[in-house]
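Annotated features in Swiss-Prot:
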type	residues	note
BINDING	11-19, Ala37, 116-124	ATP binding site
BINDING	Tyr88, Asn124, Arg128, Ser181, Ser190, Glu271, Tyr283	L-citrulline binding site
BINDING	Thr120, Asn124, Asp125	L-aspartate binding site
MOD_RES	Tyr88	phosphotyrosine
MOD_RES	Tyr114	phosphotyrosine
MOD_RES	Ser181	phosphoserine
Amino acid sequence: MAEPRDTVVLAYSGGLDTSCILVWLKEQGYTVIAFLANIGQTEDFDAAQKKALALGAKKVYIQDVCREFVEDFIWPAVRANALYEDRYMLGSALARPCIARHLVLIAQEEGARYIAHGATGKGNDQVRFELGCYALCPSIKVIAPWRMPEFYQRFPGRRELMEYAQKHGIPVPVTPKAPWSMDENLMHISYEAGILENPKNRAPLDLYTKTCNPTTSPDVPDELEIEFEKGVPVKVTNTRNGVTHRSALELFVYLNDIASKHGVGRVDIVENRFVGMKSRGIYETPAGTILYHAHLDIEAFTMDREVRKIKQGLSLKFSELVYNGFWYSPECEFLKHCIARSQQAVAGTVHVSVFKGQVYVLGRESPHSLYNEELVSMDVQGDYEPADATGFININALRLKEYHRLQSKVSTKQDE
């Protein structure tokens, strides 16, 4: 039991779980301050604020962090071509350190000793929230109800939560709950649990909320020119209608709209959680998918081959660290600086077509291009001397010849 005047900042979503947690924390003697981040999710923020106050929150912070989310978290991931296990674009993993930053700032402003969240004890988010909070404020204490026996034994299922909510006047959903859980932000939406826990089950068509069905999407593509500077998108132009956006947030929102219209960004995967288990997740990442393809193309066009090989390794490690919750770790800071340095000449424009669930690169140009049209031309010899290739091939063949010479000897001895 906490002292009556202990204050806790709760990462509040407005949903059933965190509403019940808010009331439960008050039962334990805490003074509760609720924080709800507007990170691009579909939410009635005024209603959520009124609900938290009605349930006994001393104060409710609602902060729009969308621009910060794009510039400080999504853009570094775009520069890195970040993908976890080759497919997941890290939408939830990137949002957590952004939210953690504000949880800590509010706790410090309010003099709160505690931070609380509603993440489950089996998932990655508990790790991401807490590592972020501890890194930014080592003295903070975290309350994680879904890891506390006195909480999860009292509420083993949704039925018990509903009964608790009704008893304490917590508004409960009047519409049937979707048979899966969802988490949404500006970058993506995820679906997991429920009927999706069986990896064999096909996701129903009505599951998807952020993108149109690719098979019924428009029959005319949208063509975009995306301009990059130092690996970051700075301008997008729709070549069909001339619409242009330059600010980070407006650019990203516009790409979300275009990708959503054409059903771009869906993926259904089984991934390895940091806590050790495999889980099935379905994700929609519309704008992120367009930017991944466009950035990958301009990077290959402007970056030295050997530097890019090193950078690919850095990107793999960066993606792993972000997924596992180490955004504020020294190793992740180091990687962000290295990746940013690799992007100094990654500038230019990529022309893409967005159509029927796909992103097609149509062309690219850059003032820093390492592509030499004359050098590579089949019609012009240029500065390249074809005869030089003979020595190059002979030197590279030497190792192969020696290896197979030895293999022949070993094989002969084994046959004797």
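Cβ coordinates are placed from backbone N, Cα and C, and glycine is handled just like the others.
Features as recorded by Swiss-Prot, highlighted on the structure.
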residue : record                    : DSSP (3 states)
Ala11   : ATP binding site          : strand
Asp17   : ATP binding site          : helix
Ala37   : ATP binding site          : strand
Tyr114  : phosphotyrosine           : strand
Asn124  : ATP binding site          : coil
Ser181  : L-citrulline binding site : strand
Ser190  : L-citrulline binding site : strand
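The number of other Cβ atoms within 10 Å of the Cβ belonging to Gly121 (ATP binding site), over all protein chains shown, comes to 12. Annotation: Gly118 are the binding-site residues among Gly14, Asp17, Gly118, Ser190, Glu271 whose CA atoms are within 10 angstroms of the CA of Asp125 (L-aspartate binding site). Looking at Ala37 (ATP binding site) and Glu271 (L-citrulline binding site), their Cα atoms lie 27 Å from each other. Recorded residues Gly121 (ATP binding site) and Arg128 (L-citrulline binding site) have their alpha carbons 12 Å apart, per Cα-Cα distance. Close to Tyr283 (L-citrulline binding site) in the fold, though at least 6 residues off in sequence, lie Tyr88, Met89, Gly91, His188, Ile189, Ser190, Tyr191, Gly265, Arg266, Val267, Ile269, each with a CB less than 8 Å from its CB.
If you compare every pair of Cα atoms in Tyr88, Asn124, Arg128, Ser181, Ser190, Glu271, Tyr283, the residues listed for L-citrulline, the longest distance is 19 angstrom. Tyr114 (phosphotyrosine) is 19 Å away from Gly14 (ATP binding site) when you measure Cα to Cα.
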